[in-house]
Amino acid sequence: MTLVMSPDSSYGRYDAPTPTDVTSPVHREREPELHIEFDGTTVLCRVCGDKASGFHYGVHSCEGCKGFFRRSIQQKIQYRPCTKNQQCSILRINRNRCQYCRLKKCIAVGMSRDAVRFGRVPKREKARILAAMQQSSTSRAHEQAAAAELDDAPRLLARVVRAHLDTCEFTRDRVAAMRARARDCPTYSQPTLACPLNPAPELQSEKEFSQRFAHVIRGVIDFAGLIPGFQLLTQDDKFTLLKSGLFDALFVRLICMFDAPLNSIICLNGQLMKRDSIQSGANARFLVDSTFKFAERMNSMNLTDAEIGLFCAIVLITPDRPGLRNVELVERMHTRLKACLQTVIAQNRPDRPGFLRELMDTLPDLRTLSTLHTEKLVVFRTEHKELLRQQMWSEEEAVSWVDSGADELARSPIGSVSSSESGEAVGDCGTPLLAATLAGRRRLDSRGSVDEEALGVAHLAHNGLTVTPVRQPPRYRKLDSPTDSGIESGNEKHERIVGTGSGCSSPRSSLEEHNEDRRPPVSADDMPVLKRVLQAPPLYGGTPSLMDEAYRRHKKFRALRRDTGEAEARTVRPTPSPQPQHPHPANPAHPAHSPRPQRASLSSTHSVLAKSLMEGPRMTPEQLKRTDIIQQYMRRGESSAPAEGCPLRAGGLLTCYRGASPAPQPVLALQVDVTDAPLNLSKKSPSPPRTYMPQMLEA
């Protein structure tokens, strides 16, 4: 039945097409893949396999599955769980038996409530559906043609034999000519690895060997592609078959290169390789012996080119390879190829009916050799990578050793061991590492001059390679001296100043003077930047040194110092002080009678501290009340006792005035200005002696 899709058809409900360009490659890449099942030219339902009526809820489905899914999501029906492990097959004839598994399959194939589309069917969607249908019909036609070709045994036999002859270079006639030429003019190769077909990689480059062997491997891959039915397999199945059977087919093709009577192998480049010359490391002797034994067994059968081609096809197309998906098609191809081989053997060897079984019995041994060869190849790759890594490390260590040795001789903070080696020149070698390894390091004799010809021209020959080292100007390092601190002061002169020699001069110092005489004059441009700056004249004017500028006070401390200095100058001036009404006894410690020293006081250097000390004592209200009580008792005592008998006045700590509270004298200033007494940083005024308090209270 033909499916007709017209713009007015009720084939689904779709969104309007977007304005995106359909022909753009980016749009083609972003288009989702269509999951469409066909029965000839009819689109089938993704759920039950019935004829699809349109695109419903995101998939192509029939009317029955569309209605079932709509009822389930609209009414939110909870179906009874399946009693058959939830794996019921949903078909057209039994889709109503298990509703639970039917809804589960609807969701699994992609049906969704949000996938409903409205509008007409887009032209792009129609084109995609038609293309998928055409591709499906084309692939089905190819499968039918391949099936017909597999069923046609003579045609299959002819195609396989022709493919073998076109892709294999080592047929019986060609190998016979190579063997005759090798026996007449034998050219033996050097000892090589355990791989039987490795043509002396020590004498030829790896690139040449890879190119020569890659051509043979490519022939096996092309041969597999020409086998009827191989192109119908998926890419994964093709890769699985080639990966597991490539060495087997390659070994069957090259089995005629082994010469068992002479215990030799004809390599791909035509050279002969003796069996004893193969290296037997890493248990390779067992692999070599097994390979020669299997080759002798296969060569004794005298297979023809047609039999070898069919046997190679059977080795490649094997249904028991792990990872195959389309096992049925592979098994079908294997059966047809085996039947063709039986036909050829029956024609060539009618007297040996069991020859096919004998040939098929070699397959387990062939797979064993393939496994051994793969293991040996893995070991070889690991050892080869490790060897290359060690060579790279050794080269890097050699280069770093040469560089570190040159740097250590050029600038060693400890100095050399002997004085004779300290004056040698360290030159940069511009030759490759090979020249440095072959020539070694040359040292100059410090007691004599260096031969210019020996330094300038030095040729090194190795395997026809001539290396000429490039001469570079030698570098001299400064010798260690007991008085050398390692820091340049910037006052050194470019010209060497000759002075009187030291009485305890050593050979080292003489060598140093000799080297300094030979040192070329250094221009100002070659000097370090710091050295040029230190030798330049100062940029600021005046005689003050750089340290004075560095330790100059901040501007806020300068202003405060200026204010305190003026106040101190006014205080230092000698002014007549008025005599009090009640003169006290002479007290040299009183600030009013003791002249200030003419030198700079502490206030000039500690302005903030002096200001805080010159302020009056700050007392709490309780202390002020207590002071008033004491002053009242003192006034009462003045009327009864003479002024000279007052112990407080005699102590010079308090001065009482009539009719007013006494003003405190600058006792703190006295304590600050006295040079002999220690500096008192307390802001509180000293309390009167406790011995006078009872007398004051009694008065």
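Placed from the backbone N, Cα and C atoms, the Cβ positions cover glycine too.
Marked as compositional bias 'Basic and acidic residues' by Swiss-Prot: 510-520 (among others).
For 561-571 (among others), the entry in Swiss-Prot reads compositional bias 'Basic and acidic residues'.
According to Swiss-Prot, the compositional bias 'Pro residues' annotation covers 575-588.
Residues annotated as domain 'NR LBD' in Swiss-Prot: 152-399.
The region 'Disordered' annotation in Swiss-Prot covers 1-31 (among others).
The annotation region 'Disordered' is assigned in Swiss-Prot to 466-528 (among others).
Swiss-Prot lists 561-607 (among others) with the feature region 'Disordered'.
Here Swiss-Prot flags 679-699 (among others) as region 'Disordered'.
Residue counts for the zinc finger (45-65) by DSSP state, with H, G and I taken as helix and E and B as strand, are 3 helix, 7 strand, 11 coil. What Swiss-Prot lists as zinc finger is 45-65 (among others), and the listing cites sequence analysis.
Sequence annotations record features per position, and here Swiss-Prot assigns zinc finger to 82-106 (among others) based on sequence analysis. Summed and averaged per residue, pLDDT over the zinc finger (82-106) gives 89.
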Distal contacts, the zinc finger (82-106) - CB-CB under 8 A, six or more residues away: 45, 47-50, 57, 61, 64-65, 68-69, 72
Secondary structure content, the zinc finger (82-106) (per DSSP, counts of residues): 8 helix, 0 strand, 17 coil
